[in-house]
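What follows is one structure encoded as structure tokens, with my remarks underneath.
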Amino acid sequence: MRRNNLTWESEFVLLGLSNDRQTQAGLFVLFGTTYLLTLLGNGLIILLIGLDARLHLPMYFFLCNLSVVDICYTSSGVPQMLVHLLLEKKTISFIRCGTQLFFSLALGGTEFLLLAAMAYDRYVAVCDPLRYMAVMSPRCCAGLAAVSWLTGLVNSVVETVVTMRLPTCGHHVLNHVACETLAFIRLACVDITLNQVVILASSVVVLLVPCCLVSLSYAYIVAAILRIHSTGGRRKAFGTCASHLTVVSMSYGMALVTYMQPRSTASAEQDKVVVLFYAVVTPMLNPLIYSLRNKEMKAALSRVLMSRSESKL
């Protein structure tokens with residue numbers, strides 16, 4: 001379609017990672033295996049939290065939300081990557097591309113905000129344990145989760161609209177593995193100042209502000225732990241935060257390195273690595289980190305397996 005000599009494409013071609021068939025076959029096996037592990041790991045967490053009443057606590061409520069986000073986020077892009085690894089022509093329609101961009105932005109932003117909510121939960125647990133259940137009431141937890149989801153959705157709507165409205169003047173090859181904001185901007189043939197402003201505002205809302213809140217929460221947590229005299233008490237207090245701190249460091253670390261560097265030094269290849277990290281690696285590692293380092297999750301799994309075994313006898 002044409003408007004004032006500007007063109008909007010009906011479909012795009014994704015270059016992906018490699019044109020070599022053997023490399024694509026290897027990537028298909030790798031990404032396919034990772035995707036299945038992601039679904040199984042996060043699905044198991046959701047199932048355990050739903051079945052075991054002892055896990056109906058604020059921390060596990062947020063963990064359940066995080067697992068839902070991880071499943072949806074990886075499902076928004078990885079199945080398409082797998083299909084494209086088997087096809088010669090890696091095309092995607094304009095509508096599907098915009099839909100994929102919307103869900104990836106919404107779920108990515110929601111995850112960063114949920115991690116901030118989980119940091120607040122850990123702050124209350126360590127710094128004000130006697131009032132923990134009163135402060136982290138079901139209403140408070142539901143409110144924090146709702147704000148995280150709603151903010152992620154609103155942010156995604158704005159960024160998706162201003163991105164997909166960009167004309168590309170006949171350019172339809174995206175040097176990426178998925179429909180991603182920066183890949184679109186590289187094809188634009190009009191002024192992108194508005195897009196740059198929106199990206200900056202989006203980074204502040206869903207990345208910088210949550211990161212500052214997480215840092216502030218853990219500053220208070222560390223100060224509280226250092227005031228504990230017994231070594232056992234310090235170890236127990238740190239143990240309640242270790243899994244979350246690992247996930248936070250991994251998620252925010254990659255994002256900060258990516259978005260806080262000068263835009264001129266960013267490359268398409270680096271953008272691909274970042275997207276693959278958040279779409280493939282992080283969703284798979286999150287359940288492993290929380291299950292392997294969490295005694296309550298291990299105990300819940302044992303109880304569920306025992307109850308299933310007893311029911312068969």
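Just so it is clear, glycine is given a Cβ too, placed from its N, Cα and C backbone atoms.
Annotation comment: TrEMBL describes 41-290 as domain 'G-protein coupled receptors family 1 profile'.
Within its own chain, the transmembrane segment (25-48) has Cβ neighbours under 8 Å at 17-18, 55, 63-64, 67-68, 70-71, 74-75, 78-79, 81-82, 85-86, 280-281, 283-284, 286-288, 290-291, 297, 300-301, 304, counting only residues six or more beyond its boundaries. What TrEMBL records for 25-48 (among others) is transmembrane segment.
What TrEMBL records for 60-81 (among others) is transmembrane segment. Residues 16, 31, 34-35, 38-39, 42-43, 45-46, 49-50, 92, 100, 103-104, 107-108, 110-111, 114-115, 117-118, 121, 141, 144-145, 148-149, 177-178, 275, 278-280, 282-284, 286-287, 290, 296 of the same chain lie 6 or more positions beyond the ends of the transmembrane segment (60-81) yet place their CB under 8 Å from a CB of it.
Proximity of distant same-chain residues to the transmembrane segment (101-120), defined by a Cβ-Cβ separation under 8 Å and at least 6 residues beyond the stretch ends, is recorded for 59, 62-63, 65-66, 69-70, 72-73, 76-77, 144-145, 147-149, 151-153, 155-157, 159-160, 163-164, 178-181, 184, 202, 205-207, 209-211, 213-214, 217-218, 244, 247-248, 251-252, 255, 278-279. Annotation source TrEMBL lists transmembrane segment at 101-120 (among others).
Positions annotated as transmembrane segment by TrEMBL: 140-158 (among others).
According to TrEMBL, the transmembrane segment annotation covers 197-226 (among others).
If you look up TrEMBL, you'll see 238-261 (among others) marked as transmembrane segment.
Taken from TrEMBL, the feature transmembrane segment applies to 273-292 (among others). Long-range neighbours of the transmembrane segment (273-292) within the same chain, counting only residues 6 or more positions beyond its ends whose Cβ lies under 8 Å from a Cβ of the stretch, are 31, 34-35, 37-38, 41-42, 44-45, 63, 66-67, 70-71, 73-74, 76-78, 81, 104, 108, 176-178, 180, 243, 246-247, 250-251, 254-255, 258, 298, 301.
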Problem - Overall pLDDT of the domain 'G-protein coupled receptors family 1 profile' (41-290), taken as the mean - result: 86
